[in-house]
Each structure stands twice: as structure tokens, then as C-alpha cells.
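Structure, as C-alpha cells:
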Amino acid sequence: VVLGKKGDTVELTCNASQKTTTQFHWKNSNQMKILGKQGSFLTKGPSKLRDRTDSRKSLWDQGCFSMIIKNLKIEDSETYICEVEDKKEEVELLVFGLTANSDTHLLQGQSLTLTLESPPGSSPSVKCRSPRGKNIQGGRTLSVPQLERQDSGTWTCTVSQDQNTVEFKIDIVVLAFQKASSTVYKKEGEQVEFSFPLAFTLEKLTGSGELWWQAERASSSKSWITFDLKNKEVSVKRVTQDPKLQMGEKLPLHLTLPQALPHYAGSGNLTLALEAKTGKLHQEVNLVVMRATQFQENLTCEVWGPTSPKLTLSLKLENKEATISKQAKAVWVLNPEEGMWQCLLSDSGQVLLESNIKVLPTWPTPVQPMALIVLGGVAGLLLFTGLGIFFCVRCRH
């Protein structure tokens, strides 16, 4: 039994017992001649394989009389007979085809269905291995739900029939962003860069996209920017005035927010709809903003935006242990010492965001010159009055 792949080429072997250029014939199960040798020439019969068969003439003198069938079809599956040296050799050919349901370019989250074409009477099994090493088994239909970005690449599928196997290679492209979610940490006032790299490359890439943003302080989300994508070039269709985002003109998709401000902190969802594809690509992006301030005798450190409850916010004097550290979005210190203070947002000891603020020494409030003059005048008047009374008393006595 020989297993072949639809659209591929197969070689059925037939060998003579001696190295000779004897006559040979290949026939199908109905005894119709397919090809053979007459003298030193290759001859062909009126079979349906006439235009798709050949033989290696260079091996005839070695007693090798193979038949090559090109562009295999499922209906080519049958028993073929080689007649040579008054003997007959039978070779059973089974042709299988394995194809993706509709397209080999699928969006992340969509399902992949592989369908096996097989000849009547066969009972094959299929086992596929994904690029990320996941094994899937099935019969004539094999389904893979919820494709992940890591499923993009070459799938290796083995079809088995009567202990014989044939291997298929199918290239699947999962259309997705490289990251499902990302978080940007910035100090108040810093410029913010958002990047949305794709996990695939296509020669022609056309579509449209939009970024919706839900600020932490806002009651509802709003569209910050819409854009078109044509042949890997990006053009902005509409952008809000506050904030006024800037967008790169080439891939990867790139957005710039001029300043990180507390009222911008929040999360966004960038969607990309590709031409001729059902559904959209999604990537979530988060912005966390930190502010460190001193007001009168109070030093405060705050963060805005989506943060994990596990994150720690700390205030510490430079080169000293943290004065305060807890899992909260705001911490403060009363009457801080002078010096450089650090506001730190950390995850299991790893600093994600840092902001420094210098606390200056506090001096006693200086007495104003006018106050000194007034006090001096009052003291002089009191002294003069006292002396006058003293001398008046003495005069009476």
C-alpha cells in the first residue's frame, strides 16, 4: 500500500529480477493500459492518467520500471498492476487530501477546521501537531477552537491508514497583535508612547482601526482616534482635541500622548478591522500616572490608572528605608525631613515607576522690621511713663 497526497507526485515501483531492458506494462484494476515500454520508447494507453504519468527511462537498464503519477487526485486511488517478466505486481494507491476549512489566515480567537478527503472504503485517522506543540487527533474532520497567536506557523499532520502514514504540512497564519495587553507607567507630565506591533506580516495590509479610551475618572469611554491602513501606510481620519494624539505613518501602529496627566489615566482598547476578514483584532493598553507633591507639612505620593492590588506604593528618603509602604494608590508623610524623597510603585520588589521630589529645610518665620519698630516704640513709651510716675512720687515726698 502506498499513500499519496492530493496535488503531489507519487512513484510506484516495479523491479525485474535481472538488470535488463525487458518489456513492461502498467495497468489499472480494469486491465486498461496506462503506460509501458515498446522497444526503447515509452508508450501510453488511453487512460485518464495519460497526461499525468511518466517513467524513469534512465533506470530501465537497471531493471527498474516505476510509474510516476503527477498532480494526484483522490479518484486516482485504486490498485495498479505492473506486468514484467511474465509476472504481475500489484500496488494499492490511496490518495488523501487535507485542507483548511476556508482560509489559512484566521483571526485570533477564531476556529480552525481541517477536513480530510479520503477514498471510499478507507478509514484513516489524523494527528496534528501545532507550532506550540499541542497535539490534536480526529477522523475526517479535525477542529481547533480559539486559535492563539502561538498557533501561527506550520502545522504537521500525519494521516494513518493500515499502519502506513503520509505527512502534510499546512501553514496557518493567526492574525493578531504581538501582545494582548500592555501597561505603560509614566510620571505626571512625561510623554507617553503606545505601540501596537502585529504578530504577522502580509505584503498587502488594508483595513481601519480605532482607539476607545476609558479614563479612570470618567463615567464613560470615548473614541480618541480613528485611522485607515492601506498597504502598510497609516492615515488619521479623526482625532480628539483633548488629548490630541499623534500617530506614526508606518507600521507598527504607534501613538504618542504629549503629556501623562492624572485625568488621562485609564485603559484603552485598540481595534483593527482587516479587509475581507470577519471580526477585528484587539489589543488592550493601560496607562498608570504617578504624582508626588508637597503641600504645607504634607508629602503625598499618588497613582492613577488600573493597577493590581498586589502593587506596593512607598515613600522613602533617599538611601534610607521606606518611611511608609503599603498596597494602596496614595501614601503620605507628615512633616517630612529635608532631602530627596522617592515615590516608588513596585511589584514584588521590582520598581515599575519612580518619581523624586526634594523637600527643602523649614526655617522659623523671620520678624518683620516694622514689627521691631513698633515693639521698640511701645517699650520706650512704657519706660518713659514709668520713670515719670517714679519722679512724681518722689517730688510729693
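Residue numbers in this text run from 1 along the chain shown.
Even glycines carry a Cβ here, placed using N, Cα and C.
Record note: of N15, N269, Swiss-Prot gives the feature N-linked glycosylation site to N269, with no matching annotation on the rest.
The disulfide partner of C301, as annotated in Swiss-Prot and taken from the candidates C343, C392, is C343. Within 10 Å of the Cβ of C301 (disulfide bond) there are 26 other Cβ atoms, across all protein chains. Closest to C128 (disulfide bond) in space, going by CA atoms and restricting to the recorded positions C14, C82, N298, C343, is C14. Cβ neighbours within 10 Å of N298 (N-linked glycosylation site), excluding its own Cβ and spanning all shown chains: 12.
For the domain 'Ig-like C2-type 1' (99-176), DSSP puts the residue distribution at 3 helix, 45 strand, 30 coil.
Of all Cβ atoms in the protein chains displayed, 22 besides its own lie within 10 Å of the Cβ of C14 (disulfide bond). Within the same chain, residues at least 6 positions away in sequence whose Cβ sits under 8 Å from that of C157 (disulfide bond) are L98, L114, V126, K127, C128, R129, L142, E167, F168, K169, I170. Ranked by CA distance from N298 (N-linked glycosylation site), the recorded positions C14, C82, N269, C343 have C343 at the top as the closest.
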